[in-house]
Amino acid sequence: MIKRGIYTPVPTFFKKDLKTIDFETQVKHAQFLKNNGIAGLIVMGSTGEMGHLTRKERAQVVSHIHKSVPDFPIMGGVSQHCTEEALAEISSLKQAGASHALVLPSSYFGPSIKQQGIIDWYTEVADNSELPILIYIYPGVTNNVVVEPSTVVTLSRHPNIVGTKISHGDVAHHTAIGLNPSIKVGKFTCLTGLGQILLPALSVGFDGTVDALSGAFPKLYVNILKAYDSGDLATAESLQWIATLGEELVVRFGVIGIKKAIQKATGFGETYLGRAPLNQDVSGWEDYEDCFTECADAERTL
């Protein structure tokens, strides 16, 4: 079972040539997160620019991190449409050191995909996967395919499907999944992909978050969860307000904004830019500098 906690989807760091992977920074960042209370990592998820790396490169990033922090859980991102390709990716991730696979649904055909088709696809992957898998629900990168709560409930019964990450803001869906009795009695971990609703998600049965801004401010998110679990709702609410302000950086600037926040907060890396087309700097950051400052100031006090 995946333990309750805060999980960080780590970016892929590049050298200044924006082609060479900066493995040294990758390792330093992972160690920093572990030392500051993060429960585990998502490597080669959406934040990791997985689509811009080869399978060999994706495995190399996982391997470098795993060797540096071997007892740190790693969920490897999987985004292939074909079941055989998804299984090959999972096998590669396992060999590199991943403990779980975070699997997006096959989504090429978008709105024409039925929920039973999603169930069949995940079942085939789970039946043959070398790693336990989590259902990754992120309509923004899957042609607006939504995995409905009833589908999650059905899939949660599979012994090799151990959790879900929900990266959309439908609180009703979060509630229908997190409070469902058949899910709550099983060993099925529910994580929101939106740190800006971590506290509301916890209140409806979720076990934590996978949030990119925790890569810059890990203690902020870890302490929201700690405060909630200890019954200190006043502190949880205060920290959640700050985190929600900070999340505007993610909403406005995406992956590059996340990487810029990490570099500004931690000093890690030669650059926060990525491979083309994510090789262009953000514009308008100064309008959101206060959001960054609020989080940075809070992080220093924790």
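Residue 1 is the first one shown; counting continues down the chain.
Using the three backbone atoms N, Cα and C, a Cβ is placed for every residue, glycine included.
So that you can see what the record holds, here are the features copied from TrEMBL:
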ACT_SITE  TYR136  active site, proton donor/acceptor
ACT_SITE  LYS165  active site, schiff-base intermediate with substrate
BINDING   THR47, VAL210  pyruvate binding site
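Each residue contributes its Cα atom, and for VAL210 (pyruvate binding site) and the residue listed as 'active site, schiff-base intermediate with substrate' these two points are 7 Å apart.
For TYR136 (active site, proton donor/acceptor), the same-chain residues that are 6 or more apart in sequence and have a Cβ closer than 8 Å to its Cβ are GLY45, GLY77, VAL78, LEU102, VAL103, LEU104, PRO105, THR164, LYS165, SER167. Within the same chain, the residues at least 6 positions away from THR47 (pyruvate binding site) whose Cβ sits under 8 Å from its Cβ are PRO9, VAL10, PRO11, ALA212, GLY215, VAL255, ILE258, listed in sequence order.
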